[in-house]
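K.L.:
As annotated in TrEMBL:
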ACT_SITE  455  active site, proton acceptor
BINDING   58, 317  FAD binding site
BINDING   188, 189, 190, 191, 192, 193, 194, 195, 277  NAD(+) binding site
DISULFID  49-54  disulfide bond
DOMAIN    12-332  domain 'FAD/NAD(P)-binding'
DOMAIN    355-465  domain 'Pyridine nucleotide-disulphide oxidoreductase dimerisation'
């Protein structure tokens with residue numbers, strides 16, 4: 001469905017800038033209460049998650065997971081002479097993946113239309129009079145609104161001062177590749193870098209992972225950092241610790257890249273992916289309406305998403321508080337409930353504590369609550385107790401290559417309230433969702449122990465820890 005030739009109002013009850021997860025969720029919820037809503041999107045509906053994040057990443061993760069399982073068939077005594085020779089046909093896979101994303105874009109549009117949300121594709125900015133000007137492919141339109149939501153999201157960061165940095169791509173560019181590199185440098189230690197490294201390695205690429213510290217996933221608990229770092233090395237991913245890229249040069253004849261590190265090493269590769277962080281997309285004339293930014297260039301917003309300008313709100317990656325799709329969705333809906341819903345929602349706001357998150361590494365890692373270091377800082381070493389277990393899942397009993405499972409439960413106080421859970425192992429994402437509910441409800445170690453284990457599973461370890 002296109003916004004071309006559609007008739008729009010000049011003034012709306014709610015104008016949302018950004019058609020990502022948070023913006024779409026908030027606009028639909030507001031419209032369900034009868035508000036006249038306009039949603040403005042500069043590119044494709046669904047934002048980063050649908051187009052260049054969670055969704056295409058998970059589809060590729062499934063492919064890479066299958067690639068690993070194919071190698072395990074013989075361990076389970078399947079006659080796999082032909083299957084084990086299977087190769088990944090990326091040239092056939094990519095158009096199928098892209099078609100799936102396009103269907104999701106269309107579903108977003110249909111859902112907006114069904115909720116009677118007007119939407120327009122174009123680039124929105126605030127003019128000096130406080131109006132929102134939208135430049136489309138064909139013309140320019142100006143709108144006003146009672147309330148405005150800024151949900152413009154973020155974009156990948158490229159290093160500004162490394163010679164040849166422009167020769168690399170970012171996570172957005174990765175999903176546009178027509179051919180997977182046979183040998184690639186990935187720069188970064190965060191979850192995006194770790195996920196891409198695992199996917200590419202399992203699909204047959206030789207991966208060189210450049211990290212500034214000694215472990216990956218440094219914002220996570222040490223148990224996750226160490227388990228994933230060590231296993232990635234064991235799997236054959238070349239992790240260059242305490243290293244940084246110094247320069248990149250392109251071989252004109254072969255098209256390959258020479259990546260020089262600060263330790264003197266030079267890596268010859270087919271491609272380089274920057275995964276060193278993201279920045280907020282806040283260049284929309286916010287100074288014209290008095291919306292202030294913090295030192296990181298993120299929109300300042302309080303616990304109710306109120307910015308420094310009256311009746312202008314902001315949420316999601318552009319604010320930078322817990323940058324996860326489900327958080328943006330929940331926050332957007334609660335904001336709309338409060339602004340347009342019944343009296344019972346007048347004080348509703350999003351709780352940003354104990355938010356579960358998962359890294360789709362190989363194996364998966366999941367986390368909720370405080371890390372061990374954070375728990376010690378908050379409660380004191382003498383007031384916390386750590387329960388942990390490291391083992392090999394039964395699935396690997398028939399296989400020569402074993403993938404690790406590591407579980408850690410962090411409890412605080414005399415009643416041993418669970419304040420942190422950090423898990424690594426197969427199906428961690430599915431496992432964490434259920435345990436996340438328990439921790440959000442304030443579960444104690446005794447509550448965990450009171451639940452009868454499901455045997456044989458890996459997750460049963462979490463209710464039998466001693």
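Glycine is no exception: its Cβ is also placed from the backbone N, Cα and C atoms.
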K.L.:
Please report the distance from the Cα of residue 317 (FAD binding site) to the Cα of residue 49 (disulfide bond), rounded to the nearest angstrom.
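P.N.:
Distance between the two Cα atoms comes out at 11 Å.
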K.L.:
Would you measure the largest Cα separation among 188, 189, 190, 191, 192, 193, 194, 195, 277 for the NAD(+) site and round it to whole Å?
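P.N.:
14 Å is the greatest Cα spacing among the residues binding NAD(+).
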K.L.:
Provide the number of Cβ atoms within 10 Å of the Cβ of residue 194 (NAD(+) binding site), excluding the reference atom itself.
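P.N.:
That number is 27.
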K.L.:
Across the domain 'Pyridine nucleotide-disulphide oxidoreductase dimerisation' (355-465), what does the mean pLDDT come to, as a whole number?
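P.N.:
Mean model confidence (pLDDT) across the domain 'Pyridine nucleotide-disulphide oxidoreductase dimerisation' (355-465) is 98.
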K.L.:
Based on DSSP, tally up the residues of the domain 'Pyridine nucleotide-disulphide oxidoreductase dimerisation' (355-465) by helix, strand and coil.
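P.N.:
For that range the per-state counts are 40 helix, 35 strand, 36 coil.
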K.L.:
Note down the number of other Cβ atoms within 10 Å of the Cβ of residue 190 (NAD(+) binding site), including every protein chain shown.
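P.N.:
The answer is 18 other Cβ atoms.
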K.L.:
Using a 10 angstroms cut-off on Cβ to Cβ distances, just flag whichever of 54, 188, 277 is the loneliest among these recorded positions.
P.N.:
277
K.L.:
Determine the Cβ neighbour count for residue 58 (FAD binding site): the number of other Cβ atoms within 10 Å of its Cβ.
P.N.:
14
K.L.:
Can you grab the distance from residue 49 (disulfide bond) over to residue 277 (NAD(+) binding site)? Cα atoms, rounded to a whole Å.
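P.N.:
Distance (Cα to Cα, whole Å): 16 Å.
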K.L.:
What residues, ordered by sequence, lie under 8 A Cβ-to-Cβ from residue 192 (NAD(+) binding site) and sit at least six positions away in the same chain?
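P.N.:
Sequence-distant Cβ neighbours: 171, 275.
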K.L.:
May I ask which of the recorded positions 54, 58, 455 is closest to residue 277 (NAD(+) binding site) if we compare their C-alpha atoms?
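P.N.:
Sorting the recorded positions by distance from residue 277 (NAD(+) binding site), the top entry is 54.
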K.L.:
Using other CB atoms within 10 angstroms as the count, which residue among the recorded positions 49, 317, 455 scores least?
P.N.:
455
K.L.:
Looking at the recorded positions 54, 58, 188, 190, whose Cα is closest in space to that of residue 455 (active site, proton acceptor)?
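P.N.:
Answer for the nearest of the recorded positions: 58.
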K.L.:
Rounded to the nearest angstrom, how far is the Cα of residue 54 (disulfide bond) from the Cα of residue 190 (NAD(+) binding site)?
P.N.:
15
K.L.:
Roughly how many angstrom lie between the C-alpha atoms of residue 58 (FAD binding site) and residue 194 (NAD(+) binding site)?
P.N.:
13
